[in-house]
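Listed features, source TrEMBL:
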- 23-43: transmembrane segment (TRANSMEM)
- 30-482: domain 'Major facilitator superfamily (MFS) profile' (DOMAIN)
- 86-104: transmembrane segment (TRANSMEM)
- 141-163: transmembrane segment (TRANSMEM)
- 175-197: transmembrane segment (TRANSMEM)
- 203-225: transmembrane segment (TRANSMEM)
- 289-314: transmembrane segment (TRANSMEM)
- 326-347: transmembrane segment (TRANSMEM)
- 354-374: transmembrane segment (TRANSMEM)
- 394-416: transmembrane segment (TRANSMEM)
- 428-451: transmembrane segment (TRANSMEM)
- 457-478: transmembrane segment (TRANSMEM)
Amino acid sequence: MAGGGMVAVGAEHLHAEAYGGRLTGYVIFVAILSACGGLLFGYDIGVTGGVTAMAGFQQKFFPDVYERTVLGISDTSPYCKYDNQVLQTFTSTMFLAGMFSSFFAGTMCRKLGRKATMFTSACLFILGAGLQAGAQNLAMLFVGRAFLGFGIGFANTVVPLYLSEVAPFNFRGGLNMLFQLFTTIGILIAGLVNYGVQDWWAGWRLSLGLAAAFALGLLVGSIVLPESPNSLIERGQVEKGRAVLERLRGTKDVEAEMEDILEATELASLVSLRQSYTMLLTKAYRPQLILSCLIPFFQQFTGINAIMFYVPVIFNSLGSGRRASLLNTIIINCINSASTMVAVLLVDKFGRRFFLLEAGVQMFITQTIVGVVLATQFGKYDDGKLPTGTTVGVLVVICVYIASSAWSWGPMGWLVPSEIHTLETRPAGMSIAVAANFLFSFVIGQSFLSMLCAMKWGVFLFFAGWVVVMTLFAYFLIPETKGVPVERVPIMFARHALWSRVMGPVSLEIIERDATRTISRQAAADQRAAANGDLKKAALCNHHENPTQSLCSPQVSVPWTDQHFPMASHQNILNPTRASLSPDVSRLARLG
């Protein structure tokens, strides 16, 4: 047993040892270019907090905030300087738009492919960036923000899914986390841009407009990148899918992986997109649905996005000048990017659960410290400003908190939902995960400044309490997916001590079907090996000077055909279990 309730299932028990291929330069190129989609999300997160703290932006769109923060007209508490519902709505509109667009993205992913979805994302984001940069009134500003949300909703649905499908199973974690790494890089770039234009009254227009540059990278990627082999095969382009898979893996030996994809495709072909959403409600798929909703919830209730949005606002409220606030933001963003890189390099060595559990302890301690320091120190000074030493101390502790989030719930919030679903439910499941992420981001974005005003230092203890809950959740209910092929991850829920109870009798049926499939595939692999041995023997016979004296058997000299072994063609791969595939889907739904 591992993790208080998970039956440890290693890759060696899940057909993974038969997977061929290696980490090629081509797959790294594909992963990096597609992960540019993370820049869209990251730049928007990073630029928003800095722009809302700029005097020129405040004066044009939020004059009451400008009066409190720049002119000092109000005697409002330092915690409440930025408490403005319209300002919060500006921040959170993007998430509301992203939540709705993610469902359309799931439909496009399945029907038109991953590349078409990335292309659409880039176009929507470019339109939104242009509208925001040229905004003349609140209506234009909000419409541009909505289009940005539509673009990000598409990108955040398709990019993690695409990365999980093109990556080799034993490097999937690190390559998938490139999405989060590029998100943090986008946040860092946004901080540098904001710092560079802070003295320009209309600098906020450049900050918002530069978002389009990152969308151009994704636009180019959507044109030159290959479609994922899973999507090609699902849409009937089997040979093209095999060719892409061979190029990604750097070998012709992709038979085992093709078998898993083809079987997943066989099941997916029996389910419409609408049915895939319905299937997620059945017991057979309920663990994936629950995780797809709760992991984004916990990711947001670490408090990370609230802090990343409003770091300039927080430090400005604590008495730092605008320049110092933006500089502190850059420091924090550097820590964020560097810590995400730690996860990229080590997640496939230490696993997902290790980082989630370690970070839980680290985040709880740091948020508690920040809350206690603000509670005991902030009220001591009549001018409402903390001394430099205390502010630096708070900055250091927040950096430690940011580091723990950046190598745990930050990237895991996208990685785990993208790898736990079956092919027939993957676009629907990822759409739900992204929608949940944006929904809870909207809630936090819309309420954080009001919470900061009402709860003051208590807001950090609020998030610390949720960290305790999510750490216990990770310990008992998140299985370790390190080194498990993406098409084999769902079997782990059937073998999980707690999730198998949620699934009920259907978990036993899934285990039995998997055992039958494993036996039939092993037999087919043995048959292939024997056939290959006979061919080598025949080749030796044909070149022997005196074949009549050899041990050769004459019948092996016939030309090679697929009939030598039934696993050679995709039409025969599923023969051992083909008769039971259709009943399996209906039976799983019925048992659910």
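Cβ atoms are placed via backbone N, Cα and C, with glycine included.
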When you check the transmembrane segment (203-225) against the transmembrane segment (326-347), do you get at least 3 Cβ pairs under 8 Å, counting only pairs 6 or more apart in sequence?
-> no
Kindly say whether the transmembrane segment (457-478) and the transmembrane segment (354-374) touch, using the definition of 3 or more Cβ pairs under 8 Å where each pair is 6 or more positions apart.
-> yes
Do at least three CB pairs under 8 A connect the transmembrane segment (175-197) and the transmembrane segment (23-43), leaving out pairs fewer than 6 apart in sequence?
-> yes
By Cβ distance under 8 Å, which residues at least 6 away from the ends of the transmembrane segment (354-374) in the same chain are close to it?
-> 302-303, 343, 346-347, 390, 393-394, 397-398, 400-401, 403-405, 407-409, 412, 456-461, 463-464, 467-468, 470-471, 474-475, 478
Whole-number mean of pLDDT values that fall within the domain 'Major facilitator superfamily (MFS) profile' (30-482) = 85
The transmembrane segment (326-347) versus listed stretches 86-104, 141-163, 394-416, 428-451: most Cβ pairs under 8 Å | 394-416
Among 141-163, 394-416, 428-451, the most Cβ pairs under 8 Å with the transmembrane segment (86-104) come from 141-163
So which residues does the transmembrane segment (428-451) touch in its own chain, when a touch means Cβ under 8 Å and the partner is 6 or more beyond its ends?
-> 82-85, 87-89, 91-92, 95-96, 98-100, 102-103, 105-106, 109, 149, 153, 156-157, 160-161, 273, 276-277, 280, 288-289, 292-293, 295-297, 299-301, 303, 305-306, 309-310, 313, 413, 417-418, 420-421, 459, 462
Beyond the flanks of the transmembrane segment (141-163) by 6 or more, those residues with Cβ under 8 Å of it = 31, 34-35, 37-38, 40-41, 44, 61, 89-90, 93-102, 104-106, 108-109, 114, 117-118, 120-133, 135, 172, 175-176, 178-179, 208, 211, 215, 218, 228, 414-415, 417-418, 426-427, 430-431, 434, 437-438
